[in-house]
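A.B. asks: Quick one: this structure, given as structure tokens, is what I'll be asking you about.
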Ligand code: AQP
């Protein structure tokens with residue numbers, strides 16, 4: 001069995017990008033609880049200006065949505081990052097393995113630091129160090145595969161570098177993991193700005209489809225999606241025609257087709273958008289229905305998270321203890 005780990009940040013409502021780029025892979029991959037670990041990475045949500053009550057609310061909502069999407073506590077371990085201390089214990093050792101230069105090179109750090117400065121806020125130190133905490137999240141479980149969207153590729157590369165460096169300096173301690181991306185829709189773009197990733201922290205952006213959007217809202221957003229100028233018809237060209245390519249990717253991910261082949265079936269943008277809207281509404285329907293049932297019983301969700309944290313702790317503790325010993329710390 002391949003051990004997998006992945007996480008989601010409670011920084012906003014989950015989007016179609018989160019679902020197609022990551023969560024769907026998790027649902028398909030889950031196997032036995034000890035082999036598939038999925039985490040609401042709440043500590044990562046504190047790296048930018050945040051509202052405490054909102055982070056708490058979004059953490060439970062993210063867990064509820066993951067269950068609604070099809071993760072089952074019988075076939076995976078679902079938990080909240082801050083419930084398992086091993087993540088932060090290990091992060092410190094990895095901070096002693098990383099350099100500030102390699103963290104300052106992270107694209108997400110540069111983008112989010114620029115946003116924070118633009119808003120007149122300070123850049124939290126944790127924004128710089130968060131990829132190290134993410135490395136700890138993954139390495140604490142000996143994960144071999146990390147199913148994520150394309151935007152996380154650089155962070156998983158850093159995780160690999162830190163694991164290899166630690167192993168080389170202090171003896172073999174960590175499994176070196178690899179990122180796994182879906183074949184299509186690994187980077188879903190904003191419907192209004194196809195040059196930017198569809199992101200959950202952009203507020204109520206008209207180009208972002210949220211998993212809990214009403215079907216009418218989904219249709220409206222898709223029908224108003226920016227397409228490309230020119231009258232070349234519907235062709236799949238990610239560089240030259242990013243708006244249309246994004247719609248074709250979404251359609252392919254929802255219906256199982258190939259984006260370039262799907263393009264041949266359309267003479268104009270209107271029919272394509274109608275089919276994309278229908279496909280997204282249908283793909284999200286079961287999730288929305290199940291979410292309504294699960295959200296009515298938050299105590300049951302909390303129970304799943306508590307049991308998940310206990311299982312996760314038992315898996316992470318020996319790995320982290322081994323790392324403490326390897327790096328030269330005296331056993332308590
Ligand atoms: N647009 C996307 N397309 C494909 N995959 C995506 N993911 C995120 N956006 C897309 C994948 O979803 C998983 C969880 O993401 P996250 O919670 O770590 O980050 P985020 O949704 O990108 O949210 P941020 O960073 O809080 O805010 P934004 O980006 O909105 O500023 C990951 O596997 C991610 O790759």
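Cβ coordinates come from backbone N, Cα and C, glycine included.
TrEMBL entries are annotated by machine, without manual review.
If you look up TrEMBL, you'll see 9, 10, 11, 17, 18, 149, 150, 151, 188, 197, 198, 199, 200, 201 marked as ATP binding site. According to TrEMBL, the L-tryptophan binding site annotation covers 137. Here TrEMBL flags 10-18 as motif ''HIGH' region'. Per TrEMBL, the feature motif ''KMSKS' region' maps to 197-201.
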A.B. asks: Residues sitting near the motif ''KMSKS' region' (197-201): Cβ under 8 Å, six or more positions beyond its termini, same chain?
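C.D. replies: Distal contacts: 11-18, 48, 151, 187-191, 207-210.
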A.B. asks: So of 137, 150, which of the binding-site residues has the fewest other Cβ atoms within 10 Å around its own Cβ?
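C.D. replies: Output over binding-site residues 137, 150: least Cβ neighbours within 10 Å is 150.
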A.B. asks: In Å, how long is the longest CA to CA span across 9, 10, 11, 17, 18, 149, 150, 151, 188, 197, 198, 199, 200, 201, which the record gives as the ATP binders?
C.D. replies: 19
A.B. asks: Taking the Cβ of residue 198 (ATP binding site) as the centre, count every other Cβ atom within 10 Å, in any protein chain shown.
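C.D. replies: Cβ-Cβ neighbours of residue 198 (ATP binding site) within 10 Å number 27.
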A.B. asks: How big is the gap, in Å, between the Cα of residue 200 (ATP binding site) and that of residue 137 (L-tryptophan binding site), rounded to a whole number?
C.D. replies: 21
A.B. asks: For each of the binding-site residues (11, 18), count the other CB atoms lying within 10 A of its CB, then report the residue with the highest count.
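C.D. replies: For the binding-site residues 11, 18, the Cβ with the most other Cβ atoms within 10 Å is 18.
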A.B. asks: Find the shortest Cα-Cα separation between residue 137 (L-tryptophan binding site) and the binding-site residues 9, 18, 188, and name the residue that gives it.
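C.D. replies: Of the binding-site residues 9, 18, 188, 9 has its Cα closest to that of residue 137 (L-tryptophan binding site).
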A.B. asks: If one looks at the chain holding residue 9 (ATP binding site), which residues at least 6 apart in sequence have a CB under 8 angstroms from its CB?
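C.D. replies: Sequence-distant Cβ neighbours: 41, 42, 44, 45.
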A.B. asks: When the pLDDT values for the motif ''KMSKS' region' (197-201) are averaged, what is the result?
C.D. replies: 89
A.B. asks: Return the residues near residue 188 (ATP binding site), defined as same-chain residues 6+ apart in sequence whose C-beta is under 8 angstroms from its C-beta, sorted by sequence, else 'none'.
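C.D. replies: When sequence neighbours closer than 6 are ignored, residue 188 (ATP binding site) has 15, 16, 17, 20, 21, 149, 197, 198, 246, 249, 250 within Cβ distance under 8 Å.
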A.B. asks: Test of understanding: give the count of other CB atoms lying within 10 angstroms of the CB of residue 200 (ATP binding site).
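C.D. replies: A 10 Å sphere around the Cβ of residue 200 (ATP binding site) contains 22 other Cβ atoms.
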